[in-house]
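Copied from TrEMBL, the annotated features are:
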type     : residues : note
TRANSMEM : 107-125  : transmembrane segment
TRANSMEM : 146-169  : transmembrane segment
TRANSMEM : 181-199  : transmembrane segment
TRANSMEM : 252-274  : transmembrane segment
TRANSMEM : 294-318  : transmembrane segment
TRANSMEM : 325-344  : transmembrane segment
TRANSMEM : 376-395  : transmembrane segment
TRANSMEM : 454-473  : transmembrane segment
TRANSMEM : 479-497  : transmembrane segment
TRANSMEM : 572-597  : transmembrane segment
TRANSMEM : 669-691  : transmembrane segment
TRANSMEM : 711-733  : transmembrane segment
Amino acid sequence: MNAAEVLDHSVEAGGHINPNVPPLKEKDIYALDDSIAKDSGKDAAYSIDIEEKETEEHIPDPFVPFDNLPEERSRVITVRAVILGCICGALVNASNVYLGLKTGWTFTANLFGAILGFAVIKFLSKTFAENFPILGGGFGPRENNIVQTAATASGGLSNVFVSAFPALYQLGLMQSPSHDYWRIVSLTAVGGYFGFFFGSPLRKFFVIHVARELRLIFPTASATAMTIRSMHEAVSGELIAKMKTKAMGISFAAALVLRVISQYATGILWDWHIFTWFYIWGDYSNAAINVENWGFGIIEWTPAFIGSGMLVGLNVSWSFYAGSILAWGIIGPALVANGAAFGVQASDDPKWADYVSFASLSLSASNKDTPSPRYWLLWPGVLCMIAVSFTELVVQWKIFVYGGRALWRGCCGGIYAVGKACGKQLGWFQERSVQDQENVVEDPAAPEDQVKMWMWMPGLILSIICICIVMGIEFDMPVGMSLLSVFLAFFFSFLAIQCTGATDITPLTAASKASQIVLGGATKGDGWATAHAQKLNLLGGALANMGANQSTDLTADFRVGFLLRTPPVQQWIAQGVGTIVAIFLAPGMFVLFATAYPCILDTNATSCAFSAPSVSAWRAVAVAVTDPDFPIPTSSGIFAIVFAIIGSALVLIRAYVEVGDRAWMRNYHPNMMCVALAFVLPQTYYGWAMIMGSTLSHFWMKKNARSFDIYGYAIAAGLIAGEGIGGVVNAIFQIAGISGDFYGSNVACPADAC
């Protein structure tokens, strides 16, 4: 699941069509931990050591590019591929801002770009002659990879616009998104291109030099490459691709239409407040309203989270909902009953006198003395997410040790090469730069197809200089603080890429929060005013986040290209063009939603369609490391420490106890990142929607694995993107004065407001 930033897990489907392998098991084939895969009857999953190259079904060596790919022209980067990829990425980018502000979850553009790219360009290649300008010409998997690469790049950089930037405005540290648009664009540009240029040489290191030694499979990227290859297979590929495209198109259109029309009758078409109905039918005088007050008994027909449930499975869905029950069904009511937290009247209407909000983050509800349950629960949720994320890093310590050795060997090789060019034989460095022959990965790209040093090095240096200039002039950040943020981005990029390659989990929460903590210590030492320290903290963390996120995404794209034998330099150009789109689009989408829904930036708003849990997490850390008063309720702080310890312990149990014969227990082990996220997100119905999707996919897979592998992921991708774009349309309608707020009905809604 780049899962949302909060979850650190990018929700992404993948895998080629293989009726003998259950859905998503193609990623298991390329997974580092082979203890998870287990026999499942006639659809037995493969459980292999990745060093093995042969099994009964002939599992390919994951460090050797695909063979038997269709012939293709040498220049696969085309105008049509780049433009279409940027359009696909733009749709996902816009969708991610909507979904990220809703729940903190974001989704990658890999699958959407690959399938839609195939459908459109295959049509163009058949419709227009071979020599027709721009639109004509043959189409193969490498050009499809260019579409997907451009989509990933243009779909990126939205992460900070559902976390750091809204937190800046909630704390009153900047004026307004529309007024600050070009300032935001300038920061996004330097951060995005820093990640782009820094990620350019990392292909050689992570995809070629140390991939086999560190077992960097990049499971989602590998599955994406298999998906592209399967669609270009001569016999059945095109037919299957058409089926996928049709399914994705129908689900996309249905989700978009539902999201737009439902705003005019939310209580009927979108949100079912079942216990509110009971309360109304009971003449506004029964206990059903108490269930509504805590957010339970609500069914929201959200295509995006039904779709995400189809992708992530039962464990993540139930962990998320279990966290909601624990936080909002047990701890929250206990706090209120014991006078440790307080609610506020949600309506002035006498009929709704018993309707209470427990989710306020207003100034009066965000303090030690009279906290709301949401404010009290915020700190355990955030601290547990940080602790779990760091513990996940710790249990991968071997990867980092091996990575350090490989980095040292690479440095020795670089020093030796420089010395040799200067006419000096540095034997000591040469000896330490030699790699074991068994770990060598052959690069399929010819020298002329590589990204040369002169192409990325000047850009990297220039981007660092521009970071210092932009941060200094636009945001009053000292050069030293800017360089510290750059160093943190360098450091966490290496960690993030290694973790993504080995485990398919990008630890952005750990990277972002660690950056905020380090920067918080630096600002305290300089004695800045609290507001300025918070501003530098959030901006520096955003810069580190953008660099690590972008470089990780682009390195994963290089892995797709490696398997499909796409020339790296052509991928690199597509990445650069896609990044330009993201630089302007992501801030633009943020301005659109902030203008349409000002409550996103207003902590005093009594109700808002967007909970923005990532924003709460970033704001909480910024306040905690800079505010001298440390405004956390004592009981909340104590519970946060205990909860974080429990979360970390469960991660260690999963890593070191639930192995071998006990590996089956992992299927029932709670995902503590999801449990903790529920503490930050008061809307319990998102977890229930995910359960609906995961249950559907579970039984569909059991009934017909092949059918689900063809249609399931495409439908899920269409549902997610469709609702996101529908949300963008709704934001435009809101600004234009024609939304449901102006012409809709609130029938069947609590307090006549949904």
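Keep in mind that glycine also has a Cβ here, set from the backbone N, Cα and C atoms.
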Leading contact stretch, 146-169, 294-318, 325-344, 454-473 vs the transmembrane segment (669-691) - CB distance under 8 Å:
294-318
Taking the transmembrane segment (711-733) as reference, which of 181-199, 294-318, 325-344, 479-497 has the most Cβ pairs under 8 angstroms?
294-318
Under 8 angstroms for C-beta pairs, at least 3 of them, ignoring pairs fewer than 6 apart in sequence. Is the transmembrane segment (454-473) in contact with the transmembrane segment (181-199) by that rule?
yes
Beyond the flanks of the transmembrane segment (325-344) by at least 6 residues, Cβ under 8 Å:
293-296, 356-358, 360, 362, 365, 370-373, 375-377, 381, 606, 633, 635, 675, 678-679, 682, 684
For the transmembrane segment (107-125), sequence-distant contacts whose Cβ falls under 8 Å of one of its Cβ atoms, 6 or more beyond its ends:
1-2, 10-14, 80-81, 84-85, 88-89, 91-93, 95-96, 99, 135-139, 143-144, 147-148, 150-152, 154-155, 220-221, 224, 227-228, 231-232, 238, 241-242, 244-245, 248, 308, 553, 560, 713-714, 717, 720-721
